[in-house]
Each structure stands twice: as structure tokens, then as C-alpha cells.
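Pulled from TrEMBL:
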| type | residues | note |
| --- | --- | --- |
| ACT_SITE | 254 | active site, proton acceptor |
| BINDING | 24, 129, 164, 254, 257 | glyoxylate binding site |
| BINDING | 77-79, 106, 127, 155, 230, 252, 285-289, 308-309 | FMN binding site |
| DOMAIN | 1-359 | domain 'FMN hydroxy acid dehydrogenase' |
């Protein structure tokens, strides 16, 4: 079967992966309302395409924290990628670099920061969970710095793990041949079998529930890397984040895996963007499956998007080549959407190019 869109990879991955592993990647929290809404919300945003614009040349390049990328589509942190494919994070790192975009490595990767750095050049960010033992956090951040990672993506929506009922039913545990490589030498690399989700038990034992805004300041004392806060959904928290000197914000509901009935990220995006008053870039993850989704996020103020599940499903099906194809398909779809909307560059994508359910009246721009 010729794959023509990223969603087809998920169907194939479901056939290929063991149930416990597929369910881990695919499922959301509790009723999975937010999981469905992350996708459905995009379908309620429509285009206002402009016509008779010379779109013979389309420029999709972007700058993210000073780094040039080929497109505003980057790779989100997804844990334990060697469950999907033996090459795991190595393949994702190589595919991201080949596509000219940024990969974010999870704290809970099955390849270490040093191993991912060894795959060759490429701009990479490191996603951080803050452990109760702050010495471990300091060591990990220093290792990421030394390995050439360019930013810390601090996940702030996980003081406890959301209730993922598939993982409970499956008694999810990391396969015995794998470890969380960033913690392997610290006796923190294994997820033990429990009467619950092995990951939920691990998080309860290791991740610091007391994490607060003061810890953003603490992180700034142990690293010179820019800090991006991932997991913001409200204007209130966006303003506090800016006050604390963050370098960027990712509007995220953790792939709908934490608090069910949190809003779809695309619904929360505009509120967060307005609250920052353009002082820091705002990115979005959650539910991106088409280039049209990327365009809608950019029109509502995002500086770029991060994709998670499309990467692990394409990795499961076809390794590095699968991830490359996913990134290429999203690139090509975004380019086509820009052309058909009359936008020659990212800067030309504006709020006037979309209509949303919350728009009070039809928009009429005075500009040609």
C-alpha cells in the first residue's frame, strides 16, 4: 500500500506492534475526550483563501530560538522509541536532521543524550522531567549541554501521571531488553512490573510533585541553555511564564494523556499567544496530522508546531525512512496549503486566513 498521509501509518503500526506498546503510544487519559478533541477541534477551523497571488515560489523556512529550520514543523519528545523500532531515537534524530528540522529528545528515551548526539549534526532540544533528586537533574542537564543540545524543554503538566486506563489494563512495563538510557547508571533506568501501570508507579516514585515556578529560576542557575516551558494552556500561566524569563512556550496537553477534558491545544492557542504580547515564541503540539493543521496553528499565532505520535507510528512501520516520509508529507501538505491560500511565506499567514467558531463577525481586511 502506498502511504499518502501520516494517519495511514497509525493503522499499520497497530497491526505491527504488540498491543501493550501500541496502546501505550496511542491512548489518552480516562474517557479520552481530549484525545479525540485534539483532532476534532482542527476540523471546526476553516480557511479564508486569497486568490490571484503569485505563488510560484513558496518560502517555508523559519527561525526557532535563533536556529534556522526548513519548516515550522518539529519533532516532539516521545518516550521509549526503541519499543517502536530497534533504531529508536537514532532513526528519529537522523530523519529530523535530514529534514532540516529540530528533534526533541525525551528524558525517558531508550537512547541517551550522548548516543543521539553521536548520530551526527542536527539541532536538538532536550525535554526534562524534574526528579526528586535534584543532583540527577543537574547531571542530566549538564550532559545534554555537553552533548550539544540547544535548549531545555521543561515539561510542567506531569506532577502525577494521568490515568491511562489502557496502560493499567495491560500492566504496562518497559520491555526487559530496554532501559531508560539517560538514567541507566543511576539504577533509575527500569520500569518494574506492578499491579498498575509500571510508568505510573515509576513517576510516583521519582518525579517531583513539588515542582513550581521557583524551579524555573533554579533551572536558569544551572544552565545557560534557553528554557521552553511545555504544558501551558491558559493566559494566566503564559503571563507568569514570560515573567519568569522563559525563552518559549509550548501549548500542550501532553497528547491528551494527562488531564482529560482539558481543551484541545488549538482551542487554547490564541489565548496563550495574546497573553505573551509577542515577548516569546509560542509553539503548539497535539493533534497535528495534516499540513492544513499546521497552517491553522500558524494563522492563530503559533511560531511552529511539534509532532509526536506521527513520528512513533511511522518509526514503527518503516524506521528512519518512515519518519523521513512523515516529515516530508507534512512539509508538502503545508506548502500546498500556503499556495492555495495565497501565502508565499510564513510571515504572510495571518489571522485573516482562517475563520473559527469563536469569531464574532466575518472578518474583512482593509489590506489587499
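All positions are counted from 1 along the displayed chain.
Cβ atoms here come from the backbone N, Cα and C positions, even for glycine.
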Rounded Cα-Cα span from residue 254 (active site, proton acceptor) to residue 285 (FMN binding site), Å: 8
Which of 164, 230, 254, 289, the listed recorded positions, has fewest other Cβ atoms within 10 Å: 289
Pairwise CA distance, residue 164 (glyoxylate binding site) versus residue 77 (FMN binding site), rounded so that it is a whole Å: 18
Binding-site residues: 24, 129 - member with fewest neighbouring CB atoms within 10 Å: 129
Cα-proximity to residue 230 (FMN binding site), 10 Å cut-off, over recorded positions 24, 254, 257: 254
All-chain count of other Cβ atoms within 10 Å of residue 309 (FMN binding site): 24
Largest CA-to-CA spread of glyoxylate binders 24, 129, 164, 254, 257, angstrom: 19
C-alpha spacing of residue 24 (glyoxylate binding site) relative to residue 287 (FMN binding site), in angstrom: 16
Long-range Cβ environment of residue 257 (glyoxylate binding site), under 8 Å and at least 6 residues apart: 27, 28, 29, 35, 162, 164
Local confidence of the domain 'FMN hydroxy acid dehydrogenase' (1-359) - pLDDT mean: 94
Neighbourhood of residue 127 (FMN binding site) by C-beta distance under 8 A, where only residues 6 or more apart in the same chain count: 77, 104, 105, 106, 107, 152, 153, 154, 155, 230
